[in-house]
Structures are given as structure tokens and as C-alpha cells.
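Positions annotated as transmembrane segment by TrEMBL: A:12-36, A:56-79, A:100-121, A:141-170, A:182-204.
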Amino acid sequence: MAGNRDYINRRIHSLLGVIPIGLFLIQHLTVNFFATRGPEAFNAAAHFMESLPYRYVLELFVIFLPILFHGIYGVYIAFTAKHNVSNYGYFRNWMFMLQRYTGVITLIFIAWHVWETRIAIGLGWVDLNYQLMENILTNPFFFWFYVVGVVSTTFHFANGLWSFFVSWGITMTPRSQRIMTYVSIIVFLAVSYVGVRTLFTFAYGI
Amino acid sequence: MSEEKKITLIIERQDSPESAPYEETFEVPYRENMNVISALMEIRRNPVNAKGEATTPVFWDMNCLEEVCGACSMIINGKARQSCTALVDQLEQPIRLAPMSTFPITRDLAVDRSRMFDSLKRVKAWVPIDGTYDLGPGPRMAESKRQWAYELSKCMTCGVCLEACPNVNSKSDFIGPAAISQVRLFNSHPTGEMNKSERLETVMGDGGIMGCGNAQNCVQSCPKGIPLTTSLAAIYRDTAIESFKSFFGSDNKL
């Protein structure tokens, strides 16, 4: 492809954030939402995901490699910015800064979350079921850690979707970008609800 | 006559490119309809600071005094803008002046904007028509297109958008919004368009379009009101299409 390595990396970074990571995020939170229908519904849904054919290939290419690339390259991007919201306190400048902050928070959250669930399951320390998440989230510290982590992730996804539309040249005019801002706010609220609602079920059984 | 009204200026000064910056406060007599430059001229006429000590006159860059040359950019009360159109009556007191930190400082408020002119050369921000024979008239341009292209041609390379951009700094090699917008301008020109791919390939390289992080401070800060974020998005689109054309192949590639 034309352009240098930096250009291609940035394009891949932008693409991976939505396809497949954004799609995986929505799928993941949707499957977890089965918890609101009771432990049996969650266990059945989790078992279905667990028993998908060629699961390791799916996990590697749809989840692990894209997130590793997006996360590591994203940290590099985050640290090349010099924030100036104190002098230029415009909405988009705030979003620019929050996108970088939530990216770093999300990476830390995902690293911990994967360690305590997928890796712990893989090593046979715990079993994938409703009980696993209930044990984690009934601890108030981890409940709030998860709330911050999930909201940070959904913000990063929704705002990232906005810049994805600009970076791929879809929204060019100020008007289309403004409408996309409203769409991204709705996406943020909706996906956050799905994620946080599930956390409440695991933590408080409601 | 009643006591003279005075305005206070707190200026970040620097004696040479290498020396350490320091602050100096000045009080100058107020006149009606003053701009920042007329206040600086007053300091030049009587270079005495607020403590009553004689000092060197504050140095700054200026030329047209009507916001078309781009030379007198500086940071006024925290924001980069032209000092010729910064009216004292509309500014919070005391007025704080500082040089634009994105650029190398030559002295006091004057900076060296060479990197912007180097960027214009890199992206070939011109229409190449030189040759050994007369090429004749070029293709005509639609009036509707000329109208938006004219807006882009108002860029005076003042550097305010680079200063406001969080991604133009010492940790990044991003050339900034101004040169990217000029790529759009010259790619929209019917003759300039013949070198479209070449310009796009340049901004698909080091310091190019991918340095943009969509913070959109540029469009908020541009003294000429140039739709810089529309230009950036246009180049995002054009480079994406150019990538596909050059990877998969296309007869429409220039």
C-alpha cells in the first residue's frame, strides 16, 4: 500500500478500533446482558460462546491481536499529544484529551479483566459461570473499578466512532460531524447502560 | 487634567534564541481604539518597565497591520492570535503576551515560522506550469468550486493553527493543518489537480495527515475563518481512496 509505515499503522489502528474491537465490545456486553435474565440464562449464553467452533482462532484474530495492536500503538499516540484544554477549552479539544485518557484507563482495565477472567479460566483456576462475576463484583472496590472501566471503554468506543467517521472521510462537513456527535452521544449512553446494568445485576442481584 | 488611564502588559521576553525566558511588566498610557501593536509601539517609544527601570524595547514581528500577512501572531491572554486585530478594549487586563511556543523563538515575541514554509514546499503547494513551451490555457474551474477554494487561499501561514493544535509539538512531526489545507486547495485547482497523487503521497508520509487527532482547535482559532477541519477530513478521504487506488490499482490514479 502507498504511504509509509506510520500511515499504514494509523489506518490499521483506526480500522481495528471499530472492526473488530467495537463490534466485539457490543457482542460481549450483549451476551453479558443475559445476566439480567438470571444466572441460568447467563450460563447458557456464556457456554454457547465458549463452545463456538475454532474458538481459539476467533479469540486470537477477533479479540487478542486487534486489542494488543490498538492498545499498544494507542499508548504511543496518546503520549505524542500535548494537551492544552486550559487555554483552548473547546468541546472537541476536551473529547480529544478524554479519548487519550480513557484509552489508557481502558487498557489497564482490559489487562486486569482478561487476567482475572479469561487467563484464570484458561489456567483452570476458575470456571466460567455467573458465580465468577458475582464473586468479583460483590467486592465494592472491584464493582467501582469495573464501572469506571466499562464507562471508560464505552466512551472511548463512542467517541472513537466519531473520529473513525472523520478519519475515513465519511463525515466531512461541520454539519455531518455535528450530527455524528449526537449519534456518538446516544451510542455512548446506550452501550454504557447495557454494560453498567449488567454490573449491577452481578453485584446486587437486581 | 485628571490622572492618565494606563493599561498593564505582562510580557514573556527572551533576549536570544538560546537564553532563558523572563517576564517583564509594562504600563502604557491608554488611548482610544488601541490594539496590542500600538501598545507595543508605545513601549518601543519609551522602553521603561512598570518598576520605572530603563530596559530594552520589546521586539516583535509585524508587517501589514490588517490581518493579511500573518507575521504578528503571538499568544494574547493564553490564546494564539494576530496582535494587529487584538483590540485592547476587548481584552481582559492585565494583558499577557507570550511568543508562540510551537516555533523557535528569535527574540521576545518574534518567532521563526520557517517550518511552515518548508511544509508548503514539501507538499508542493503550487501549480507547476513551467516548461520549455507555452502550455496554453488550462481547464476552466466551476464557479461553485472556486468559491470554496478561495476561502482556503486566504491562509496567511500565520502559525496560529499550529500553536493551537495539541498534536503539533516536539514529540510529533505533524506538519499541522495549514499545509494540509493547501494540499486540498491545489488539488482542487484544475491544473494543480494533475499532481494530485504526488501531493497526497506526501501527506501519507512522515508528519502527514495521520498526525491529525481531530481536536479541532485549528478551526476555532484560525483568524481567517478557514474551514480547516473540512480540509483535514477531505484529505483523510482522499488519502483513503488514494491508498486503495495505489494498492489495488486504478486507471484513475494520477
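Cβ from N, Cα, C; glycine included.
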Selected stretch (most C-beta pairs under 8 A with the transmembrane segment (A:56-79)) from A:12-36, A:100-121, A:141-170, A:182-204 = A:12-36
Region pair the transmembrane segment (A:182-204) / the transmembrane segment (A:12-36), three or more CB pairs under 8 Å | yes
Using a Cβ-Cβ cut-off of under 8 Å, list the residues of the same chain that are 6+ residues beyond the ends of the transmembrane segment (A:100-121) and lie near it.
-> 67, 71, 74-75, 77-78, 81, 83, 127-128, 132-133, 136, 145-146, 148-150, 152-153, 155-156, 159
